[in-house]
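Since the structure comes first, as C-alpha cells, the remarks are kept for the end.
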Amino acid sequence: MYVVEDKDGAIALMLVALLCLGTWPAIFTLLERRGRLPQHTYLDYSITNLLAAIFFALTFGQIGDRKYNMPNFLTQLSQDNWPSILFAMAGGVVLSLGNLATQYALAFVGLSVTEVITCSIAVVLGTTMNYFLDDRINKAEILFPGVGCFLVAIFQGSAVHSSNSADNKEKLNGSSSNNRDKTGDCLKYGSTLTDLEENLESGAHHISTSKTEKAKAGTAEYLIELEKKRSIKVIGSNTFLGLGIVFFAGICFSLFSPIFNLATNDQWHTLKEGVPHLVVYTAFFYFSISCFILAIVLNLMFLYKPVLGLPSSSLKAYVNDWNGRQWALLAGLLCGFGNGFRFMGGQAAGYAASDAVQALPLVCTFWGIVLFGEYHQSSKKTYILLVSMIAMFIIAVAVLVASSGHRKT
C-alpha cells in the first residue's frame with residue numbers, strides 16, 4: 001500500500017486536489033447554462049465519482065506490501081471494522097448532500113461566491129474540529145489566524161453577491177430602451193425588472209442568434225439570453241433562497257472531513273482492540289459508496305418530482321440525454337481524484353492543514369471570470385469587494401498550509 005509520509009509530498013497532493021476540486025463546479029455551471037437538467041448531470045457525475053474511489057482502492061491501496069498496522073485494501077474488507085465504516089459512510093452522506101445543494105446554489109448565487117461561502121464555512125467549522133481530532137498536530141498560532149481569514153471571506157462573499165445582484169438588477173431595469181435585431185424588428189424587454197420576468201415566462205420577446213452572439217458578457221442582453229438557455233431560471237428569484245442553499249451546503253462540507261478523520265484515525269476508540277484503523281483508501285471506498293447511493297436515490301426522485309421550478313424528466317430521458325454527458329462524467333472524475341488526493345495528503349500532514357484545498361474558490365473564480373463572464377461590466381464597488389475577497393483567500397490558503405504538522409505513527 002502506498003502511503004504519503006512526508007510533509008512536502010502531502011502539500012503537493014493538496015495543490016493538485018485544489019485544482020481538481022476547483023474545476024468540477026465550473027463544469028456543472030457550464031452544463032446548467034447550456035440547459036442540461038441538473039438531475040441528469042448529477043447522475044452522470046455520481047458514476048465516475050465512485051469509479052475514482054475504486055481506482056484509488058485497487059491501485060494505491062494495493063501497491064506493495066502492507067505496512068505496520070496498515071493492511072492493504074482487499075485485506076481490510078474482511079476485518080471487523082464496522083464502526084469506522086459507518087463513520088466513512090456518514091461522511092459520504094453529508095458530502096453528497098453538500099454537493100447536491102451546491103449544484104443548485106451555483107445557478108442562484110454564481111460560481112465564485114457559492115464556492116467562497118461554502119468553503120469558508122467548511123474551514124471555519126471543519127478545520128476547528130479537525131484540529132482537536134488530530135491531537136493538535138497543527139500549529140495553532142498559525143492555523144487559527146488562517147481560519148479567521150476564511151471567516152472574513154464569508155462576509156466578503158456575501159457582500160460581493162449582494163453588490164453584483166444589485167448591478168444586474170440595474171442593468172435589467174435599464175434595458176427598457178428599444179433594441180433591434182438584424183431584421184429590424186422592435187424588441188422591448190420591459191421598462192421594469194418585473195416586465196422582464198413576465199416576458200421571459202411568456203416568451204414574448206425574441207433575439208436572433210446573430211444578435212445574441214454579439215452580446216457582451218455582463219450586459220442586460222447577455223443576461224436575458226443566458227436566462228432563456230439555462231435550465232434553472234434565476235432572474236427575479238429571492239436572494240435569500242440562494243444564500244440559504246449555500247449555507248446548507250457549507251455546513252454539510254464542514255462535517256464530512258472531520259467524520260472522515262474519525263473513520264481513518266478512530267480518535268473515539270470505537271474499534272475492538274487489535275483491529276487496525278481503516279486505511280485512507282478503504283475509508284474513501286466506503287465513503288464514496290454511500291455518496292453514490294444517496295445521489296442516485298435523490299436524483300431519480302428529482303427526475304419525476306423536480307424542485308425549484310425545474311421541468312420533470314424520466315429515467316428514459318436521462319439515458320438518452322448525451323448532450324454534455326462527457327463533461328458531467330469528467331466532473332465526477334475530477335471531484336473523485338480531488339478528494340482522493342486530499343485525503344492522502346491529510347493522512348500525512350493532518351486533516352486541518354488539508355483543508356487548505358477549501359481555497360478552491362481561487363480556481364473557481366478564475367473559471368467564473370474567464371469562461372462565464374462573471375462580474376463583467378459590474379460596478380466599481382463590486383470589483384473592490386471581489387479583489388479583496390480573492391486577496392483574503394490567497395492569505396488564508398498560505399497560512400493554512402504553513403500550519404501543517406506531521407502525524408505521529
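Any Cβ shown, glycine's included, is placed from N, Cα and C.
If you look up TrEMBL, you'll see 12-31 (among others) marked as transmembrane segment.
The transmembrane segment annotation in TrEMBL covers 43-64 (among others).
Within the chain, the transmembrane segment (84-101) has long-range Cβ neighbours (under 8 A, six or more residues past its boundaries) at 42, 118, 245-246, 248-253, 255-257, 259-260, 262-264, 266, 270-271, 277-278, 282-284, 286-292, 294-295, 298-299, 335, 339. The transmembrane segment annotation in TrEMBL covers 84-101 (among others).
Residues annotated as transmembrane segment in TrEMBL: 108-130 (among others).
According to TrEMBL, the transmembrane segment annotation covers 142-161 (among others). Tertiary proximity for the transmembrane segment (142-161) is limited to same-chain residues at least six positions away from its ends with a CB under 8 Å from its CB atoms, namely 109-110, 112-113, 116-117, 119-121, 123-124, 127-128, 131, 239, 242-243, 352-353, 358, 382, 385-386, 388-389, 392-393, 395-400, 402-403.
Here TrEMBL flags 240-263 (among others) as transmembrane segment.
What TrEMBL records for 283-304 (among others) is transmembrane segment. Within its own chain, the transmembrane segment (283-304) is flanked in space by residues 39, 42-43, 45-47, 49-50, 52-54, 56-57, 61, 73, 84-85, 87-93, 95-97, 99-100, 260, 263-264, 310, 312-315, 317-318, 336, 339-340, 343, which lie at least six positions past its ends and keep a Cβ under 8 Å from the stretch.
Summarising the annotation, TrEMBL assigns transmembrane segment to 325-344 (among others).
If you look up TrEMBL, you'll see 356-375 (among others) marked as transmembrane segment.
Under the heading transmembrane segment, TrEMBL lists 382-403 (among others).
Listed by sequence, the residues of this chain that lie at least six past the ends of the transmembrane segment (382-403) yet keep a Cβ under 8 A from its Cβ atoms are 11, 14, 18, 112, 116, 123, 127, 138-140, 142-143, 145-147, 149-150, 152-153, 156-157, 159-160, 163-164, 167, 352-353, 355-356, 359, 361-362, 365, 375. Ranked by number of Cβ pairs under 8 Å to the transmembrane segment (108-130), the listed stretches 12-31, 43-64, 240-263, 325-344 are led by 240-263.
Contact between the transmembrane segment (43-64) and the transmembrane segment (325-344) is present: at least three CB pairs lie under 8 Å, with pairs separated by 6 or more positions in sequence. Highest Cβ pair count under 8 Å relative to the transmembrane segment (12-31), across stretches 240-263, 325-344, 356-375: 325-344. Beyond its flanks by at least six residues, the transmembrane segment (325-344) meets 4, 10, 13-14, 16-21, 23-24, 27-28, 30-31, 36, 40-42, 44-53, 55-56, 60, 95, 99, 260, 264, 280, 283-284, 288, 354, 357 of its own chain at Cβ-Cβ distances under 8 Å.
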